Amino acid sequence: MHSLSLISLALLSPLLVNAQLSGHVGPLTSSSSKASTKTCNVQDYGAKADKETDIGSAIEKAWDDCAEGGVVYIPSGDYAMFSRLKLSGGKASAIQLDGIIYRTGSDGGNLFMIEHSSDFEFFSSTSQGAIQGLGYEFHKDGSLNGPRLLRFYDVTDFSVHDVALVDSPAFHLSLDTCKNAEIYNMAIRGGDSGGLDGVDIWSENVWVHDVEVTNKDECVTVKSPAKNILVENIYCNWSGGCAMGSLGADTNISDVVYRNVYTWKSNQMYMIKSNGGSGSVSNLVLENFIGHGNAYSLDIDGEWSSMSTVSGDGVQLNNITVRNWKGTEEDGAARGPIKVVCAEKAPCTDITIDDFALWTESGDEQTYSCENGFGSGFCLQDGDGTSSYSTVITETAAPTGYEASSMSNDLSTAFGTDASIPIPTIPTSFFPGATPYSALAGAASGNAAKATSSATASRFRHRRGSH
């Protein structure tokens, strides 16, 4: 168990205080304690590991017995799931997925939806549990109308860890109006198509760390409303890339940190996307990014043409820090590594771009383009946003220190949309040189009961030695 008092928090660096977690994250009770209270093995409720019998009713019955204190246990084996589950309420409970669940049936909705719950954990004690969505069965016909794999709504004090989410017909993992969550030690692997988001967050006080995402849309993305979000040690491995948005009317996002993000062969390293709208984004830090082979690098686009224009003057962006970015981009002349386009009636203010060194993989020049963005660094102009401007700077010399490490598991090609995607092994490295905050649960012990005790309770773990 790790915890950090608010007094200790105040003594840490200003960065820690101003723009990340506001308190503890994760469940309040360890899964081992929950299991000792009660364990509901789904096989005792009719589940069969035959890859044919619908496991849904067995999970529902087990949940009814263990939701108020206990663990719903899904042993190793292959299970079919035709049902679309909505598990509501409960406290001091967990779902231990050590088997593999295969989506069957063509209904949409959510394969798993957890709502109105607290002190909850969804995990695998072996790090081999998975949900296989078999989304290609929809995607090969051009359809995105299948179910999302895992969605949380109005859940507090919870974690999701050591599970793989594979080939969702739609989104993989969504956190909707949740609080005090920790997401870690996960592999998410989707098809090469838009609409197959990895992790989407519109919640408060959430820590996402040590997660790998492969898809063609969002890697780990913050949506509105959101506050106190910390995203660390992220591996966007042939993905859409991390982002914020799309942002529309009444945007309300603040105190967000992305740190140690490695992006390979993706659409962008980080994008903030809007077109019109209202509200604000404030206190955003994007630091320690490495990228290779991406179409865009830093892409702040207040006139994003891929979304319909929303009524309003634009979303106000304020106090954004971008620092320590290294690597290469695909074509720096066609799509330069810095693009900051802000609305004329809602200019971006107090933006800092520092220690930023990327170079083109094609050709011998790259551009930096800024429009109505005010602050310091590269093409940004000093000012308070009372005047408008647009400028493009062309760079013909590679910046000093742009070279950056790569990851040994970088994919050589994307996964398609017309064949089954294999279930991956959860990696033990997510960013060059960074040690994951938690060992995989399956590495702790071969004994499932002992492995569950590795889950943390009421913790606020801070970055070790990174201040």
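Here the Cβ of each residue, glycine as well, is placed from N, Cα and C on the backbone.
The active site, proton donor annotation in Swiss-Prot covers ASP217 and is backed by similarity to another entry. In sequence order, GLY190, SER193, GLY194, GLY195, LEU196, ASP197, GLY198, SER239, GLY240 are the residues near ASP217 (active site, proton donor), counting only same-chain partners six or more apart with C-beta under 8 A. DSSP assigns ASP217 (active site, proton donor) to coil, not to a helix or a strand.
Counting only residues at least six positions away in the same chain, the Cβ atoms of THR263, TRP264, LYS265, GLY327, THR328, GLU361, ALA404, SER406, ASP410 sit under 8 Å from the Cβ of HIS292 (active site). The active site annotation in Swiss-Prot covers HIS292.
Here Swiss-Prot flags CYS40-CYS66 (among others) as disulfide bond, drawing on similarity to another entry. In the structure as shown, the Cβ atom of CYS66 (disulfide bond) sits within 10 Å of 24 other Cβ atoms.
What Swiss-Prot records for CYS219-CYS236 (among others) is disulfide bond.
According to DSSP, CYS348 (disulfide bond) is assigned to a strand segment. Residues within less than 8 Å, Cβ to Cβ, of CYS348 (disulfide bond) and separated from it by at least 6 positions along the same chain comprise ILE300, GLY302, GLN316, LEU317, ASN318, ILE320, VAL340, CYS342, ASN372, GLY373, PHE374, GLY375, GLY385. Taken from Swiss-Prot, the feature disulfide bond applies to CYS342-CYS348 (among others).
Within 10 Å of the C-beta of CYS379 (disulfide bond) we count 20 further C-beta atoms, all protein chains included. Secondary structure from DSSP puts CYS379 (disulfide bond) in coil. Residues annotated as disulfide bond in Swiss-Prot: CYS370-CYS379 (among others).
Under the heading N-linked glycosylation site, Swiss-Prot lists ASN237 (among others), citing sequence analysis as support. According to DSSP, ASN237 (N-linked glycosylation site) is assigned to a strand segment. Taking a C-beta cut-off of under 8 Å and a sequence gap of six or more, ASN237 (N-linked glycosylation site) has these contacts in its own chain: GLU212, VAL213, THR214, TRP264, LYS265, MET407, ASN409, ASP410, LEU411.
Among the features that Swiss-Prot reports, N-linked glycosylation site is placed at ASN252 (among others). Reduced to three states, the DSSP call for ASN252 (N-linked glycosylation site) is strand. The number of other CB atoms found within 10 A of the CB of ASN252 (N-linked glycosylation site), across every protein chain shown, is 15.
The N-linked glycosylation site feature in Swiss-Prot is assigned to ASN319 (among others). According to DSSP, ASN319 (N-linked glycosylation site) is assigned to a strand segment. Within 10 Å of the Cβ of ASN319 (N-linked glycosylation site) there are 20 other Cβ atoms, across all protein chains.
Residues annotated as signal peptide in Swiss-Prot, with sequence analysis given as evidence: 1-19.
Among the listed disulfide-bonded residues, namely CYS40, CYS219, CYS370, the Cβ with the most fellow Cβ atoms inside 10 Å is that of CYS219. A sphere of 10 angstroms centred on the C-beta of CYS342 (disulfide bond) encloses 27 other C-beta atoms. In the three-state DSSP classification, CYS342 (disulfide bond) falls within coil. In the three-state DSSP classification, CYS66 (disulfide bond) falls within a helix. On the backbone, the CA of ASN319 (N-linked glycosylation site) and the CA of ASN252 (N-linked glycosylation site) stand 14 Å apart. Same-chain residues at least 6 positions away in sequence with a Cβ under 8 Å from that of CYS236 (disulfide bond) are, in sequence order, VAL213, CYS219, VAL220, CYS242, VAL261, TYR262, THR263, TRP264, SER266.
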